[in-house]
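K.L.:
Before I ask anything, let me first share the structure, which is written out below as structure tokens.
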Amino acid sequence: MIIIDTGCANLSSVKFAFDRLNIKAEISRDIATIKSADKLLLPGVGTAMAAMKILQDRNLIETIQNATQPMLGICLGMQLMTEYSSEGNVPTLSLMSGHTDLIPNTGLPLPHMGWNKVRYEQDHPLFAGIEQDSHFYFVHSYAVLPNEHTIATSDYGVPFSAALGCKNFYGVQFHPERSGKNGAQLLKNFVENL
């Protein structure tokens, strides 16, 4: 398992989540290491524009786009998997169709921060052993509205994609590394089931 070094603040907490599961995970920005990994994790905290600049500066965009092994994007990492983010009006990785936009104003404060229910497609391997409508921890102001790649949803005034999946690329808007036993189970499922 390689955690792609995106320079974001949650790298250590993501690695520690795998350590707690006794799953060997290494943080790397080395292209050869990333290409040879059996699984990849794309974390992200911050803005889409800053994250894409870091990936470009580290020559990682093409490597990520050409990955054939299972990859899990977390929070901003999931948003980067779509085609475009209105946060900075920046093209993203285009690993799947869709775009990321500011959560519509429904009177609820932004960012959406805290625990929220997640409803997933029945029998999806990413959510194996996790009860329907379980709670996960979110911190975000931008979201991907439900589309053909949505495998789980949550609601914050409007429904949004809590998880996406397309081919070997998966993403979660919530932070599994901060979501207790449900988050730990999801990370374990990613490693063992996908």
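Note that Cβ sites are derived from N, Cα and C of the backbone, with glycine treated the same way.
Swiss-Prot lists 1-194 with the feature domain 'Glutamine amidotransferase type-1', giving sequence analysis as the kind of evidence. The feature active site, nucleophile is assigned by Swiss-Prot to C75. As annotated by Swiss-Prot, active site applies to H175, E177.
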K.L.:
What number of additional C-beta atoms lies within 10 angstroms of the C-beta atom of H175 (active site)?
P.N.:
21
K.L.:
C75 (active site, nucleophile) has how many other Cβ neighbours within 10 Å of its own Cβ?
P.N.:
26
K.L.:
Sort H175 (active site) into helix, strand or coil using the DSSP assignment.
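P.N.:
Assignment for H175 (active site) reads coil.
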K.L.:
Relative to the Cβ of E177 (active site), which residues of the same chain, six or more apart in sequence, are found under 8 Å away?
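P.N.:
N10, S13, V14, F16, A17, I74, G183, L187 - these are the non-local Cβ neighbours of E177 (active site), listed in sequence order.
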K.L.:
Could you round the CA separation between H175 (active site) and the residue listed as 'active site, nucleophile' to a whole angstrom and send it over?
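P.N.:
About 6 Å separate the Cα atoms of these two residues.
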